[in-house]
Amino acid sequence: MKEKRDLKIQAIENGTVIDHIKAGQALNVLRILGISSAFRATISFVMNAPGAAGIKDVVKIEGKELSVEELNRIALISPKATINIIRDFKVVQKNKVVLPSYVEGVVRCINPNCISNSSEPIKSKFSVLQSEEEGVTLNCLYCEHVISENIAENLL
């Protein structure tokens, strides 16, 4: 007899649940959101959990509703993620992340000669494109360098 296995993460009273994160990307989602050990709210996450659509990660952030801008940056590494806003243990809002057309100060340009990598106080700026064949592609607005792989490795 096949045993049923459920994904068990404690429910949160108020906060944000980020579901359907690309497998193995939960820690990078936390990096994108600027969440570190100094963050004082409760964070729960599961990596490589089985789901109906395959393997996924899930992140729960207690007591904090993230801004639309924060959430949409997640689309850089997990364009199919969904966001659930929780109040009194109930989902009151559910949205898919939206890939922004532009990001600033989120990703490091891979071109070592780019002005954003110099000692000048200039934040990196990228236009963001998505295609079925290539996935997410970032184009540096300063040097026109393209990042289409390993975006997570270049997060600031």
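Residue numbering: from 1, along the chain as shown.
In case you wondered, yes, glycine gets a Cβ from its N, Cα and C as well.
According to Swiss-Prot, the protein has these features:
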| type | residues | note |
| --- | --- | --- |
| BINDING | Cys109, Cys114, Cys140, Cys143 | Zn(2+) binding site |
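Taking the mean position of the Cβ atoms of Cys109, Cys114, Cys140, Cys143 as the Zn(2+) site, the remaining same-chain residues with a Cβ inside 8 Å of that point are Ile110, Asn111, Asn113, Ile115, Ser116, Asn117, Ser124, Leu141, Tyr142, Glu144, His145. Scoring each of the binding-site residues (Cys140, Cys143) by how many neighbouring Cβ atoms lie within 10 Å, the top position goes to Cys140.
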